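S.K.: Right, I'll just put the structure down here and ask away after.
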Amino acid sequence: MKVSIFKTLYFQVLTAITIGVLLGHFYPEIGAQMKPLGDGFVKLIKMIIAPVIFCTVVTGIAGMESMKAVGRTGAIALLYFEIVSTLALLIGLVVVNVAQPGVGMNIDPATLDAKAVALYAEQASQQGIIPFLLDIIPGSVVGAFASGNILQVLLFAVLFGFALHRLGEKGQLIFNVIESFSRVIFGVINMIMRLAPLGAFGAMAFTIGKYGVGSLVQLGQLILCFYLTCILFVVLVLGTIAKFNGFNIFKFIRYIKEELLIVLGTSSSESVLPRMLDKMENAGCKKSVVGLVIPTGYSFNLDGTSIYLTMAAVFIAQATNTHMDIMHQVTLLVVLLLSSKGAAGVTGSGFIVLAATISAVGHLPLAGLALILGIDRFMSEARALTNLVGNGVATIVVAKWCKQLDNDQLQAVLSNKVLPNVKSSVSVS
């Protein structure tokens, strides 16, 4: 039976975003008051992320035949993340140098309001590779779940999955309980996702109402340049990777169109993390691969954020007439290879990492951040959308390289064929 287009989440979210834009533009004061709707939806999603990751990773690892496969999957995923995110940084650097969106603005850093970015600068001072690595280890298991820290929950889930696997048949009861709990959690997600149009409406109405279309026009060249670069990256880089791994990037984008629209409305790729776990498994990727690649990718494979970081940093230099020779840009690239891994798939994290990078490089005026503070929210959409597509592609590629991909299933879902929703039953090896 064909579902009416009016009942699809895709149509409802698209309609909600359109209404949000109109409300924010024509009635900005009312639009700015819609923020709680978007925040509330994102908080509901965050509430469920930790248990979803735990259940997915534990059942995925515990159900594998060999623990060597888990280590191999993790190593391949990290190698892929490093290569592709480095490509994203380089592409952003090349485009911003060619397009030069900041040249001619002639901004004096002394005239900028440094107070506007003081909070971000303070948060940036806490960034660093050692604190980042130590932060992956939770102070307590309960604390990891309470704070919703993705990497902390992932670490505990991996260890728990290994331990459960070693129990063999003795751990079967625990495995069954967690798998049943996982079904309940995904049932909760289905209920929450009914509110996605409301969340997208509130977030978009607030963005347009508070910042206005005028802020888009003022720095439109940078925004346009960034959006085009993200499209270029998705079509050429991710498209080429997809082609060499046997699937079409445009068919994949169509497959996750509902998730992309939710991200467009909320500006956070984290808002669809639970749905992506389910969708990638439905696309033929083994649960063990999905459970490792998707959550890890939310910190280590943020392609859109990587493009944004290089473009924004060089744009500030161009706008303030700060000279950046080749060595300065190489230094910037090296710093970003480390600092970009500290970003998360949440709104605003990219701006904090940018502040940390500028502080670390030392050559750029920190006050220059005030130039893009007003438009960062608009650039956040492109970052989040590119991040989401990038992590989806990464999951399929890693699954294929690890021989954990059902290619027939993948081609069927990408071709929009209806398949029986059969969950294969697995047991603790």
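Every residue gets a Cβ built from N, Cα and C, even glycine.
What Swiss-Prot lists as transmembrane segment is 5-27, 47-64, 77-99, 141-163, 184-206, 216-238, 330-347, 351-373, and the listing cites sequence analysis.
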S.K.: With pairs closer than 6 in sequence left out, are the transmembrane segment (184-206) and the transmembrane segment (47-64) joined by 3 or more CB pairs under 8 Å?
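M.R.: When sequence-distant Cβ pairs are counted, the transmembrane segment (184-206) touches the transmembrane segment (47-64), since at least 3 lie under 8 Å.
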S.K.: Any residues 6+ beyond the ends of the transmembrane segment (184-206) with a Cβ under 8 Å from its own?
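M.R.: Cβ under 8 Å, 6 or more out: 9, 12-13, 15-17, 19-21, 23-24, 30-42, 44-45, 48, 51-52, 55, 261-262, 264-267, 271, 274-275, 278.
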S.K.: Determine which recorded stretch among 5-27, 141-163, 216-238, 351-373 has the most C-beta pairs below 8 angstroms with the transmembrane segment (77-99).
M.R.: 216-238
